[in-house]
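Below is one structure, written out as structure tokens; the observations come after it.
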């Protein structure tokens, strides 16, 4: 992003003196020469009225400039030292003409890590491998990919897909309402307060969290993909997000003005503001319906036609809510998130301020646990044929084409003579890492009972990785996996008790655990 620049006006200061001394031209020259001999960027020069100007002199070195190591002499030394090593001359030719990660890739390490072989795998995964395309709906794809495996198993299907667009529509509608609610609640704060700037920066986006899925399916249910398929704006959402984001910012200014002029103390004033907000949400609904399509409502009748893997044709008349409750038959409220956040105390329950999609819905809940506990849960789930929703920072030490996530397959020290020496905790503290992508773990390879690598079902189509699957080494898991979703069937009793206690530690709204995958 570019920075705005402007020319600073000439600054004039009056000296604190009763009578300005009268100086001849020669004396002025001598005074100037004296001042220029000092290590200061600004030279004080009196004008005819006894005032003095600050004259910028680039040839005068300030104390700050003396502390700046970037100068011609050092640049010469650094360049000479760098190019005196023949390896760096080779690296210069390689890096300037190629992708950095292609050059530092350790082929031997890649061959060792990128093995699509697992001794424990979930049945009924895949079929089909889904593709979120140019959208940030990975969390919706990950959750529906978990759900679809249950339906495929239950109804003997070779292939089945739930509508991601259906959840996408209602998520955007609910998030818009949640955003405007937060704007009303924070109307007493300055517009440039940290909270309001945070809210206005990204009023809504495509991302989300597991508990947001729970809110959506509990209120709206699920529908098969062919009943409400993707529209263009579902698969390429940037322009839709642009329109909604700017409408919400416009609405935010209107609501703030109403709250600050009419107040919320009387029933009539409150009802008026909420009525205005409802009109705004109606406008958002219209935009969504025209771009994503008009979706079924939660209790509308739908007909699901399908053929099982034996060739039998069947038809079921139901509703979206009944499809979730009866056909899927999985209670999403019984599943919860376990995170690994080394900044914060383990075996505690956390939530994030101002993070949700459905106003009045269940809060975002994280039970913080150590990595060995999380891996034990995962292995239990895979052995019981349950795929696992998880969140990670997928852009680090990852190759999409290869379908590999491995910290040992790219050698920065060999290429640059330095490593990226920052651990998981420090990356969270400094903004270097957070949850950026949700996927599904569908397999694990164990040696002597210990995980070596994990099989991951992604939502980037079949043209990447191993026909859409990725390999995640256990070392990468340690560094970049932050969250899994499990239930009381697999989690230790202590973690389940912590989750059900409702005794939250509230993380601030800007916390990295509030990042939406």
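Here the Cβ of each residue, glycine as well, is placed from N, Cα and C on the backbone.
Taken from TrEMBL, the feature active site applies to 138 (among others). Counting every protein chain shown, the Cβ of residue 138 (active site) has 26 other Cβ atoms within 10 Å.
Every protein chain considered, the tally of other Cβ atoms within 10 Å of the Cβ of residue 437 (active site) stands at 22. According to TrEMBL, the active site annotation covers 437 (among others).
Sequence annotations record features per position, and here TrEMBL assigns active site to 458 (among others). The Cβ neighbour count for residue 458 (active site), using a 10 Å radius over every protein chain in view, is 27.
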Cα distance (Å, whole number) from residue 138 (active site) to residue 458 (active site):
8
Could you state the CA-to-CA distance between residue 138 (active site) and residue 437 (active site) to the nearest Å?
6
